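Per Swiss-Prot, the features are as follows:
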- 104-287: domain 'ATP-grasp' (DOMAIN)
- K141, E178, Y179, D187, R211, S212, N213: ATP binding site (BINDING)
- D248, E260: Mn(2+) 1 binding site (BINDING)
- D248, E260: Mg(2+) 1 binding site (BINDING)
- E260, N262: Mg(2+) 2 binding site (BINDING)
- E260, N262: Mn(2+) 2 binding site (BINDING)
Amino acid sequence: MRIAVLSQGPELYSTRRLVEAAKERGHEVRVINPLECYMNINMRASSIHIAGEELPIFDAVIPRIGSAITFYGCAVLRQFEMMGVYTLNESVAVTRSRDKLRSMQLMSRRGIGLPITGFANKPSDIPDLIEMVGGAPLVIKLLEGTQGIGVVLAETRKAAESVIEAFMGLKANIMVQEYIREANGADIRCFVLGDKVVAAMKRQAAPGEFRSNLHRGGSATLVKLTPEERSVAVRAAKTMGLNVAGVDLLRSNHGPLVMEVNSSPGLEGIEGATGKDVAGAIIAFIEKAAHKKPKQTGARG
């Protein structure tokens, strides 16, 4: 097969591992920076170009699109879809999962466990918003934040009001969530591939920190999932329409709660913590799925 990896960073661990795994299984693979692509959109022969070169037809595309380039990256991914190329995660699913509020709304409709979440526009609604999520302490999240950036733990009601007012004053979109104290600064990253969890790790926040992201100094260890946790992770990924997803769970007193569904989950932490060849599993999945239609979201684009 001829496989393209859409990535801005050929030197990044996840990109390198996908390239290695594809080559080990006998495939031709090329890393393509989506920002270097431009598109010819027409009814007869749509195409994608880089620096005057028309790209060849690929059998499959693996999107590794950073959040900062979601719009353009997904436009390029969608162009591949229009050309009939199999994409591991479809553009519509990537776009959907990048909208944190929409993700929460979709999962709540499916009955998937979530922290109580509030969203408002007017400062006058702040007191009621805080009450809705159970009062302080509570978590305030920028909808555009990634890797723990833009996530604040407000330990008192006064602090919560001040932070929410400040974000609203900056016209930043935020959501407010209940703080799951019993999680003790830990979450579980479930790596979902197709209809099963192929690897999972527990991420523990660094001392004095409540965010467990590895980019924030958290540590990762192997974890054994319960059947319910596996089921919730797979259902969350399917709700987003993702074939590959990193689903972050919190263990609460009333069962697993989904914090986030990531459409471009990193491989370094999960492979390091579990010792599993996740990159190889992804390529094996593509080998089986690339020729199947219709795709998971049921529509191209």
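Keep in mind that glycine also has a Cβ here, set from the backbone N, Cα and C atoms.
The structure, with features from Swiss-Prot marked on it.
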residue : record                : DSSP (3 states)
K141    : ATP binding site      : strand
E178    : ATP binding site      : strand
D187    : ATP binding site      : strand
D248    : Mn(2+) 1 binding site : strand
E260    : Mn(2+) 1 binding site : strand
Which residue among the binding-site residues D248, E260 has the fewest other Cβ atoms within 10 Å of its Cβ, if you could check?
E260
Local Cβ density at K141 (ATP binding site) - other Cβ atoms counted within 10 Å:
22
Looking only at E178, D187, the binding-site residues on record, which one has the least crowded Cβ, with the fewest other Cβ atoms within 10 Å?
E178
Hey, how far is E260 (Mn(2+) 1 binding site) from K141 (ATP binding site), Cα to Cα, in Å?
12
Neighbouring C-beta atoms (10 Å sphere around the C-beta of Y179 (ATP binding site)):
18
What's the CA to CA span in angstrom from D187 (ATP binding site) over to D248 (Mn(2+) 1 binding site)?
7
Within the domain 'ATP-grasp' (104-287) only, compute the mean pLDDT.
91
Counting across all protein chains shown, how many other Cβ atoms sit within 10 Å of the Cβ of N262 (Mg(2+) 2 binding site)?
22
